[in-house]
2 protein chains.
Amino acid sequence: MVGGGQLARMTHQAGIPLGVRFRVLADTSSDSAAQVAGDVVVGDYRDLDTLKAFAAGCDVVTFDHEHVPTEHLRALEAAGVAVRPGPDALLHAHDKGVMRKRLAELGVPCPRNRIVADPADVVRFAEEDEGAAGFPVVLKTTVGGYDGKGVWVVRGPEEAAEPFRAGVPVLAEEKVDFVRELAASVVRSPHGQAVAYPVVESLQVDGVCFQVTAPAPGLSAGRAAEAQEIALRIAGELGVTGHLAVEMFETADGRVLVNELAMRPHNSGHWSIDGAVASQFENHLRAVLDLPLGEPSARAPWTVMVNVLGGDYPDMYRPYLHVMARDPGLKVHMYGKDVKPGRKVGHVTVCGSDLDEVRERALHAAAYLRGDITE
Amino acid sequence: MVGGGQLARMTHQAGIPLGVRFRVLADTSSDSAAQVAGDVVVGDYRDLDTLKAFAAGCDVVTFDHEHVPTEHLRALEAAGVAVRPGPDALLHAHDKGVMRKRLAELGVPCPRNRIVADPADVVRFAEEDEGAAGFPVVLKTTVGGYDGKGVWVVRGPEEAAEPFRAGVPVLAEEKVDFVRELAASVVRSPHGQAVAYPVVESLQVDGVCFQVTAPAPGLSAGRAAEAQEIALRIAGELGVTGHLAVEMFETADGRVLVNELAMRPHNSGHWSIDGAVASQFENHLRAVLDLPLGEPSARAPWTVMVNVLGGDYPDMYRPYLHVMARDPGLKVHMYGKDVKPGRKVGHVTVCGSDLDEVRERALHAAAYLRGDITE
């Protein structure tokens, strides 16, 4: 797996029972996954020779992020490396402009969007294009963004210059007045077997995933099936291998619009480690290794996952003891990362039959670990 | 953890979400745990200098087997190393003679037993001692046995010589006419917090654990509580830190007799990875690290674990694909070990609400992986 973050860490964990020998390409030997994996290569994923040396001896190469340059992926494939998902699919997660164009061709419902050339063009998008509804609009760099980085909500022309400073193409999108965010995740294997996880509700704070509830409360069976079908269709049409998370907006007028795609294990699927029969990490591995896929259904009526973000206190050990003592049923997942304000350093999960109680327990533990509450 | 077998492998897996940095002392770099852990020391656990070098920098030292010489454990403790479980407790798992003497002092029900000096003394134990019921009797070397090794069922005086050839003291025990075997597992932390897992039924074949059903079917609440109380009492009286498995015989006349003790994660607890809120491996780590313990209760009405033993076919890859394709809900656990006839190379687990169906699925998968059935 290219990338040594927490997604690789949790993928290695899922691979142990499968008997998978896991090699990780990490930026440093102290990366989250590098701390726990047995076969660690330290190097720069932007360097083709590093990637080639890393891939030698691997049956399959997969990714914990979408930042590997597409030309490097094509070069690896040309050299005979099994790259999964492949560059033709991964391009749609790497480049939001390519993704929007392709989803439009497929007729998948998306927010109104187009590539914009400069701040003046942003004004045309906001105020003059067909369907224009004025500011605010959302601007995104087409490549390189994650966790709210590379995304701006622009309230007027005077704020429209900043996104162009990165020197990459900029995508403008209508700011959707959504009721909530959903995520539909599917896993697809090279020969086309696919499984769909229950559709979840995802609550973001400042562009960072914060709380996930599985399944999405109050979502009708019809709407859930529609979201799953969209995700299955995208996975099939784009030729995705592995886990695909489709982040969606649910609108007040009953529409589901696609927001983002991720072709790797995704924060919206962390609930599945404790909450599903086979987790997203296990099924991602099973897919990229072309093994039969595992059962994606939930093990409990409700599962709530809350991210643990770094707070003002660098040492989380005492609250870590406290939350385990307070709630023996709490599942704590720490990523081995130094605590910095706002950084994802872990997550907690609670499963049960009473949603209010399950959510309270998960939120309390995450808030306590962060240091927001002390009792 | 001293010892690089599958118990260490699964303990490392359980430590990843806890944020534990795991170091393993393995016999070879290809040991089951050495394949997946990031911090591997290869060396001989019988050598004190190796143990001391291994322990340097560890917060706690624990074990995946009970074969480390007691004098080495005492030397480590004297050097300031936190050894958990400690040598005073571990001695009872290391030496069956010490264990039997102590359980007798505690009034814990055991099969009739005593140390025997030679074959003639075995005849006295079988035919002349108070309560003697004739042959067969069970002879065990007091140290060094595991998985049926070091245990003999002796049908007459002519078979009584063999166990003495190892040159270690020999324990004689009545051959209990049991209805079935049970295992009661508890986990105890250094300051005395303890949790008890549901009592399970364990089916052994040729002295090797084969099938475990959680909870033990048809076991009355009273008998289950009695078994858990025996295990909690032994853990407390012996000062155990970590996981203690108490293997027991259930007799036709309604008694529960203690057979063996294991002070480490144990085959009878593998069901808990998929079947309990917190597995034996997670709780063993939480205990030896003096973290608050996790919830030991079952997540499903029934969980069945079946060991995957090596069969006549060295390559298990095709059956591995088959069982995953046949049963997406099956949980497969492979240990990364070469397949040899009779060797434990993995286990499978199924959870559900219909015991017959759950058991059939687990038995089928294990038999298919072994190569006993091909459809």
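Note that Cβ sites are derived from N, Cα and C of the backbone, with glycine treated the same way.
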Query - From A:K96, A:K101, A:K331, the one annotated by TrEMBL with A:K140, A:E173, A:E174, A:K175, A:V176, A:E181, A:N259, A:E260 for ATP - result: A:K96
Requested in this report: Express in Å, rounded to the nearest integer, the largest CA to CA distance found among the ATP-binding residues A:K96, A:K140, A:E173, A:E174, A:K175, A:V176, A:E181, A:N259, A:E260 named in the record.
Outcome: 18
Query raised in the report: List, in sequence order, the same-chain residues at least six positions removed whose CB sits under 8 Å from that of A:K175 (ATP binding site)?
Result: A:P111, A:P136, A:V137, A:V138, A:V153
Report summary line: Cβ-Cβ distance under 8 Å, sequence separation of 6 or more, same chain as A:K96 (ATP binding site); the residues meeting this, in order, are A:K140, A:T141, A:T142, A:V143, A:G145, A:L171, A:E260
Query raised in the report: Do any residues at least six apart in sequence from A:E181 (ATP binding site), in the same chain, have a Cβ closer than 8 Å to its Cβ, and if so which, in order?
Result: A:E201, A:S202, A:L203, A:Q204, A:E247, A:M248, A:F249, A:E250, A:N259
Requested in this report: Could you tell me which of these binding-site residues, A:E173, A:E260, has the fewest other Cβ atoms within 10 Å of its Cβ?
Outcome: A:E260
Query raised in the report: Averaged over the whole of the domain 'ATP-grasp' (A:100-289), what is the pLDDT?
Result: 95
Query raised in the report: Does DSSP put A:K96 (ATP binding site) in a helix, in a strand, or in coil?
Result: helix
